[in-house]
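Working notes, beginning with the structure itself.
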Amino acid sequence: MPTNFTVVPVEAHADGGGDETAERTEAPGTPEGPEPERPSPGDGNPRENSPFLNNVEVEQESFFEGKNMALFEEEMDSNPMVSSLLNKLANYTNLSQGVVEHEEDEESRRREAKAPRMGTFIGVYLPCLQNILGVILFLRLTWIVGVAGVLESFLIVAMCCTCTMLTAISMSAIATNGVVPAGGSYYMISRSLGPEFGGAVGLCFYLGTTFAGAMYILGTIEIFLTYISPGAAIFQAEAAGGEAAAMLHNMRVYGTCTLVLMALVVFVGVKYVNKLALVFLACVVLSILAIYAGVIKSAFDPPDIPVCLLGNRTLSRRSFDACVKAYGIHNNSATSALWGLFCNGSQPSAACDEYFIQNNVTEIQGIPGAASGVFLENLWSTYAHAGAFVEKKGVPSVPVAEESRASALPYVLTDIAASFTLLVGIYFPSVTGIMAGSNRSGDLKDAQKSIPTGTILAIVTTSFIYLSCIVLFGACIEGVVLRDKFGEALQGNLVIGMLAWPSPWVIVIGSFFSTCGAGLQSLTGAPRLLQAIARDGIVPFLQVFGHGKANGEPTWALLLTVLICETGILIASLDSVAPILSMFFLMCYLFVNLACAVQTLLRTPNWRPRFKFYHWTLSFLGMSLCLALMFICSWYYALSAMLIAGCIYKYIEYRGAEKEWGDGIRGLSLNAARYALLRVEHGPPHTKNWRPQVLVMLNLDAEQAVKHPRLLSFTSQLKAGKGLTIVGSVLEGTYLDKHMEAQRAEENIRSLMSTEKTKGFCQLVVSSSLRDGMSHLIQSAGLGGLKHNTVLMAWPASWKQEDNPFSWKNFVDTVRDTTAAHQALLVAKNVDSFPQNQERFGGGHIDVWWIVHDGGMLMLLPFLLRQHKVWRKCRMRIFTVAQVDDNSIQMKKDLQMFLYHLRISAEVEVVEMVENDISAFTYERTLMMEQRSQMLKQMQLSKNEQEREAQLIHDRNTASHTAAAARTQAPPTPDKVQMTWTREKLIAEKYRSRDTSLSGFKDLFSMKPDQSNVRRMHTAVKLNGVVLNKSQDAQLVLLNMPGPPKNRQGDENYMEFLEVLTEGLNRVLLVRGGGREVITIYS
């Protein structure tokens, strides 16, 4: 249940002594006596656990820094100087967030530190190329072109490549939204989607990678048994009940042996797999080059590859050589080997198959070449049912009534019933592998640059290869050869190999090693993915798979991966495993697009991808395309995959560990009702989800109208319609007397909110004092998770005026309240000069003066403002101050690197502030400030004296009148003394009580300024001079707001310091962080 507690003062004193009373009542057991002065919770700047820096180190080092920043010295323990922060943050090396990494020994850690970082080409482009180009290209693409025709094949490839391109765009946006952890794709997805969706998608990704291993192993065995060594088959067609059944049994036996062998290689050492990766990649590249070389050669010198036809039916040439029925030798005829296959004997009089007798045997060129014109014949699809003849269009054929022995004759038959949807499912795995680059994010020099560039270039390259191969295969190869899946009409040779130049063995050997390498890569990556999911602890029953060998190798995860991979191998058919693989990868890609779309639509402040070429409509299109492809491939597989993902989601939701990763899905909870409120109330949001939920404190005039309406304009510009906005105000008095005024004030505020397009809630409090009302608002505004974390208010411009001498007291106490509540504070000075929503700045700068680090609000606010049309054309500049001991050149480089990782575009300038003597102006200004402070106190004492004196005279006059009335009724008693007040006595009594105060006023002109105040004033004057020099013409200046002094006797001096700090600037926003990080470099 949502709970709200409001702290109210025990006893309110007009002179501000209620704070001390409240402190005394909090500790009734404290022994009496003088207490040492302790800062109250609002005086400092309490820090929460920071995702940026180690607070212990900061506290140890802060003693030595900031010697020239006296205005901020009381907060150095919590707010470090910028130079110290940049030194820790800018030169990080791949931090892993959210996962307990295995403790590696010092030697391996030293080796990793020395390992060279990879660039875009080696680190992303080539691995993606190797993973995308694979077994389907070599073993199935020609068959897909033959069955679906060039047009439909082109459509299939275009759909799949478009799907992966859109997914790559979404993935690039996610990958460049902060530092990509070394965990790769799983961490990127899970940290964007949250533990429930992240775990479900992570397991789908794991199962897809595991089944990919099974598919590659089956491809390896198919190449080996069909094209390299057919004689190595253990099961023969006669014993196994048919050639297809024998092939399946052989695949299972050889596949299992290969899986065990590969698993042993992975178990012994992954380094061998990584070393062989370039060799396997070279095989792929050489094979593709051989294909293009063969196409070029076929245009002017086609290879002599005859294909034998009986009628219009294609014959398998595994059992005969000559494509003739009989030979003519010396005027005598002799039957051929083909005759013996179709007849009961080799004699010319033997009984033969009816179709064999009725039709002629012809021979055509299997690869007529690019100039042959065969392209038009291959344009259209030729789908057929299982067991159908592979027939050539346009060749005459005499049909026969009944053919019972067709399967036993040497025809080329279709092994499965083909359809458009089946071909999509079989082909899609050939475009997966786009996340190979992000999986290596820990080894990249600049992951934010390399991942989008390398991945998209790899997809463009492979899409070009696939689409061009479809056109070239259709233009060079005869249709019946394309539809011959296993090359039976080519004497058992690989179709694509016969096209290649200089030799078919280039393709056969190249494809064999490339599929071997891809299988090894899958068996290497899948266990690590499972280990990462297990170590996250979101799926309790998988935690055992998070353990491994002493060097961190995932032994148990490898064992489970091998078992799951074995189930794919037992299926034994590449065409059956591929659609299963497609489902898991499509599910994964769907959620990547969903994550990007959700983050874009939510406009979370942390969503600042460095990759700019994305849009939520592209992500939505990619998500829709993934969903469509899932159901196109197989509707029952699609439903099964979604059911599996849904079950995992619900399991993690109800049984999994509580995780908070700053994901985009959880941001949707702020737009929901009770259920979402209860979910977001569990704790503060993750740094990545932090956005300013603003409580705007408005001042009202005597007619309950808003004094500073442009404060609401600024609020709407800052919020841009997103997040929570509470507009609050306080009326002095009692609610019974002021409820009509309160309603009128609330109507005025709502009307102004509507005019300024500020979407939010209005909350008005009637309180006996302005101070208490503001405190109540800060404590209790909002509900559950919909609570503010930032307070926005206007600077009290009249704090020096005599008609409002104590407005500064409410202001300083409000600063302390926000600090104690861990809330950020924004103070707009000269708020009436801030722009309205209708105005547009055509240029100019938003200048940020980053003096101390208090959570990153200074960087976040300009980014949010620049989303609005008013500030969009303004450029952002960040200034920071270097002191004598700082290396300003290195500071600038570090700050540029830091902003690069924050994905914020800004000009950077480091301003050097040398230590110099305190000027006479600073002394004079400090002296004037302290004299005014003392004078205010003396005036307050004089006012109290006057009030007490007037009350005394009133009492005495009342007493004298009562005595006179009594004398008319009774005689005077002798023991009473009658006092007579003359004018002289009254004046003497009056001025005698003021002697002390007059002497106090005389002392003001002989006092010397306090040295700590002089140093603070020195800082304020120097900073103001530097800011004026650089930012006098800026459209907006953002400054760190120093905290109020721990000694509350100097509150009015604090106001003077802020006044001096911002003097001469047009629009100023003073920013004070809420004690927690609000911006992060992580994705």
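For all residues, glycine too, the Cβ spot is worked out from N, Cα and C.
Fair warning: this is a prediction, and the values are worked out from it, not measured in the lab.
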**Asked** For the chloride 1 site that Swiss-Prot gives with GLY433, ILE434, which of TYR254, TYR272, TYR589 also belongs there?
**Response** TYR589
**Disulfide-bonded cysteine for CYS343 as listed in Swiss-Prot, from CYS323, CYS352** = CYS352
**Asked** ASN87 and GLY552: same side of the membrane according to Swiss-Prot?
**Response** yes
**Request:** Select from 232-248, 555-571 the stretch of residues annotated by Swiss-Prot as transmembrane segment.
**Result:** 555-571
**Complete:** Among 664-680, 783-799, 851-867, 868-884, Swiss-Prot marks as region 'Scissor helix' the stretch 664-680
**Asked** According to Swiss-Prot, phosphoserine sits on which of SER62, SER78, SER349, SER888?
**Response** SER62
**Request:** Fewest other Cβ atoms within 10 Å: which of the glycosylation sites ASN312, ASN360 wins that one? Let me know.
**Result:** ASN360
**ASN360 (N-linked glycosylation site) versus recorded positions VAL135, ASN312, PRO429 - nearest by Cα** = ASN312
**Complete:** Once DSSP output is merged into helix, strand and coil, VAL135 (chloride 2 binding site) belongs to helix
**Request:** Determine how many residues of the topological domain 'Extracellular' (301-419) DSSP places in helix, in strand and in coil.
**Result:** 14 helix, 27 strand, 78 coil
**Complete:** Same-chain residues at least 6 beyond the ends of the transmembrane segment (636-651) with CB under 8 Å of its CB atoms are 196-197, 199-201, 203-204, 425, 539, 579-580, 583-584, 586-587, 630
**Request:** In whole Å, note down how far the CA of ASN312 (N-linked glycosylation site) lies from the CA of VAL135 (chloride 2 binding site).
**Result:** 31
**Asked** From the Cα of PRO429 (chloride 2 binding site) across to the Cα of ASN312 (N-linked glycosylation site), what is the distance in angstrom?
**Response** 34
**Prompt:** Taking 120-142, 150-172, 555-571, 574-598, 613-632 as candidates, which has the most Cβ pairs under 8 Å with the transmembrane segment (250-270)?
**Reply:** 555-571
**Request:** Look over the recorded stretches 120-142, 150-172, 420-440, 555-571, 613-632 and say which has the most C-beta pairs under 8 A to the transmembrane segment (451-473).
**Result:** 120-142
